[in-house]
Each structure stands twice: as structure tokens, then as C-alpha cells.
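Student: Sharing the record's features from TrEMBL:
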{"type": "TRANSMEM", "residues": "28-47", "note": "transmembrane segment"}
{"type": "TRANSMEM", "residues": "53-73", "note": "transmembrane segment"}
{"type": "TRANSMEM", "residues": "82-99", "note": "transmembrane segment"}
{"type": "TRANSMEM", "residues": "150-172", "note": "transmembrane segment"}
{"type": "DOMAIN", "residues": "212-342", "note": "domain 'GGDEF'"}
Amino acid sequence: MIHQSDRNNLISMSDETPAGIAGPRISLMMHCVAIGPVISLTIYHVFFGKPGVGLALACVCAILLFAICLLLARPESKAHQLIDGLFMFISLPVLLWSLTQENMYGIHLIAPSIFAAFIVLPVRLSSVLMAIYTPVAIAVYWHLNGPEEGIRVLFGLMCVYFFGFGLSHILVSMHRDMAYSAYIDTLTGAYNRNRLFDQLKLHLQSVRRGQSTVTLVLLDLDHFKAVNDEYGHAVGDDVLSWFAQTLMSFTREEDLLFRYGGEEFLLIIPGQNSDDCENTITKIRSRMKDAETPYGLDITFSAGVCEAQAAKMDLDTWIECADQALYQAKRDGRNCVRSWAQSD
């Protein structure tokens with residue numbers, strides 16, 4: 001299977017916030033729902049309650065409106081999530097303070113704020129933060145209003161905490177599983193083509209900026225069709241799975257393996273030039289020759305190596321050059337490695 005640390009990184013594209021996972025439309029709807037009662041409370045305190053509280057609530061309205069404008073103008077941006085996080089860190093202590101004030105009824109906003117924190121903050125942060133905040137809110141209210149009211153609030157807020165905790169973790173876990181299914185080839189455990197081209201673009205951009213050296217390796221199992229024809233597709237699947245997992249066990253954590261199609265695989269090796277990479281693949285071939293293979297079959301592969309050339313290559317050219325090197329390896333009798341520079 002793929003390296004566990006890189007598997008966890010699959011979710012970093014959408015962050016670990018349920019609001020980020022839900023997408024901009026759901027996030028926009030949540031902001032619109034939240035701003036309604038805040039505007040109502042603002043109007044009440046400005047004209048009938050405490051003007052200072054009304055001014056503070058007006059600032060809250062401004063933050064929510066700013067987040068809504070960002071969602072409408074740039075729905076693909078994550079800036080609104082930063083604003084939401086800032087909003088939560090400001091509002092949570094203010095709500096605790098409101099519990100100590102007469103006729104402010106801040107307790108009614110504690111429960112939705114706890115739930116909102118689980119939605120708009122990363123789950124690891126919200127789990128710890130709310131585990132501290134919820135007992136503090138209960139203790140403050142209990143101290144000011146006595147045990148009878150305190151027990152009611154204790155039951156209500158603990159229910160909100162555990163519900164928010166469970167829901168947020170379920171959403172993030174489901175998203176992680178969906179991301180894994182979308183980007184991983186289930187047969188071999190290697191990445192599939194859905195993730196390939198994004199990674200190639202990132203590495204090629206890094207090369208163009210002069211920040212790194214990246215080499216592409218295209219690998220093809222030798223005579224794989226004969227294995228399928230003679231032993232059946234079930235054995236062929238076992239061979240593909242064994243090959244991918246063995247290859248990943250011989251590579252570094254930063255190396256990325258993709259199933260390119262059929263019996264072809266593609267390996268991205270950062271930090272190595274063409275010569276270094278050719279030596280690496282040759283060593284892998286030697287180690288794989290000594291490994292125990294499925295059904296005792298003689299499993300070999302051919303490989304084409306191509307180092308990214310910043311001034312000469314776009315994405316398609318890079319893959320095409322690796323394919324030319326692979327074709328040369330097959331012409332030279334298979335079970336060997338050739339680099340694009342040698343075959344050009």
C-alpha cells in the first residue's frame with residue numbers, strides 16, 4: 001500500500017474542517033443562517049438593550065458579512081475559513097463573559113457556538129478546545145445560578161459536545177475514505193491517474209523554478225499478456241498487486257508510484273537526476289529478482305527514465321520522452337533500464 005503519511009496528506013486538499021469539506025455552497029448557507037439571529041440581537045441591543053453589546057454584535061455581523069462576500073466572490077478560496085476561525089476565537093470568550101452579565105442570556109448561544117466550533121475549526125483543534133471550553137462554561141453557569149440550573153445546562157451542553165464531536169469526526173473520516181478511494185488504485189494500492197497529472201504539474205513547476213531535480217520512470221511488466229493468457233486474470237491480478245507493493249517497499253517515502261494503465265506503472269522520483277535514477281531502478285531490479293514471487297513466476301520489468309528538463313519540456317513531452325526510453329528498453333530485449341538521453 002502507499003505510505004501512510006502520504007495517505008493522510010490526501011485530505012489536506014480540503015483541510016480537516018467539516019465546513020471546508022461541505023464545500024462553498026453549504027458554507028454560504030451556514031453563514032446566511034447564522035447572520036439572521038445575530039442581526040436580530042444587534043437591533044434589539046442597539047435600541048432596547050445595551051448599546052455596547054449592540055456595537056459588539058454589529059462587529060460580529062460585519063465579520064459574517066465579510067465571510068459571505070468572500071464566499072460569493074471567490075468560492076474556491078479558503079480565506080473565509082480563516083475568518084471563521086478568528087470569529088470563533090473572539091466569540092467564545094465573549095460568550096463566557098456574557099454569562100456573568102444580567103439580562104444578556106448568553107447561555108442560549110453557548111450550545112450553538114460549541115457546535116459551530118466543531119464545524120468551522122479543524123477537528124483536532126476543536127476536539128481539544130471544546131473539551132476545555134464546555135466544562136468551563138458549565139462551571140461558570142453553575143456557580144452563578146446554582147446546582148438546579150447548572151445540572152440542566154450540564155446535560156444540554158454535554159449532549160451538544162458529544163454530538164458535535166462525533167459528527168465532525170464522522171464527516172472527516174468519510175471524506176478521507178472518499179479521497180482515498182478517488183486517488184488509489186484498489187487492486188495494486190498505487191495511486192491512479194486521477195492524482196498523477198496534478199503531481200506531475202507540481203514537480204514540473206518546481207523544476208522550472210530551479211528548486212529541485214525530478215525524474216520520471218515508466219515501467220512495464222515483461223510478457224504480462226502471456227501470464228494472463230496462460231494462468232488467467234486472477235493470477236495476473238496477483239502479479240500486478242505483488243509488483244506494485246514490492247516496488248513501493250523498495251522506494252523512498254517521497255517517491256510516488258502510479259498505475260498508469262494495464263501493466264504499466266509510473267514512478268516519480270524527486271531529488272535524483274537521470275543517471276542516479278537509472279542506478280536506483282537497476283538496484284530495484286536486482287532486489288526484485290531475489291524476491292519471492294507469486295506462484296514462483298519469473299517476473300521482470302522494463303523501464304524508461306526521463307529527467308525533467310525545465311527549458312524543453314511540458315507535461316506531455318515529459319511523459320512521451322519516458323515512453324520513448326521504455327520503448328528502447330523493450331527493443332533492447334526487455335528486462336533492462338534505458339534513459340531518454342541515451343535513446344534520443
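Note that Cβ sites are derived from N, Cα and C of the backbone, with glycine treated the same way.
Bear in mind that TrEMBL entries carry predicted annotations, made automatically and left uncurated.
If you look at the structure here, what lies around each of the features I listed?
Tutor: Only residues 6 or more beyond the boundaries of the transmembrane segment (82-99), in the same chain, are considered here, and those with a CB under 8 A from a CB of the stretch are 19, 56, 60, 63-64, 66-67, 70, 106-107, 109-110, 113, 116-117, 120-121, 133, 136-137, 140-141, 144.
Non-local neighbours of the transmembrane segment (150-172) in the same chain are 11, 16, 18, 21-22, 107, 110-111, 114-115, 117-119, 123, 126-127, 130-131, 134, 137-138, 141-143; each lies 6+ residues outside the stretch with a CB under 8 Å from one of its CB atoms.
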Student: Mind checking which residues of the chain, 6+ beyond the ends of the transmembrane segment (28-47), have their Cβ under 8 Å from one of its Cβ atoms?
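Tutor: Distant Cβ neighbours of the transmembrane segment (28-47) are 19, 22, 53-55, 57-58, 60-61, 64-65, 67-68, 71-72, 75, 80, 116, 119.
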Student: Mean pLDDT across the domain 'GGDEF' (212-342), rounded to an integer, is what?
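Tutor: The predicted confidence over the domain 'GGDEF' (212-342), as a mean pLDDT, is 92.
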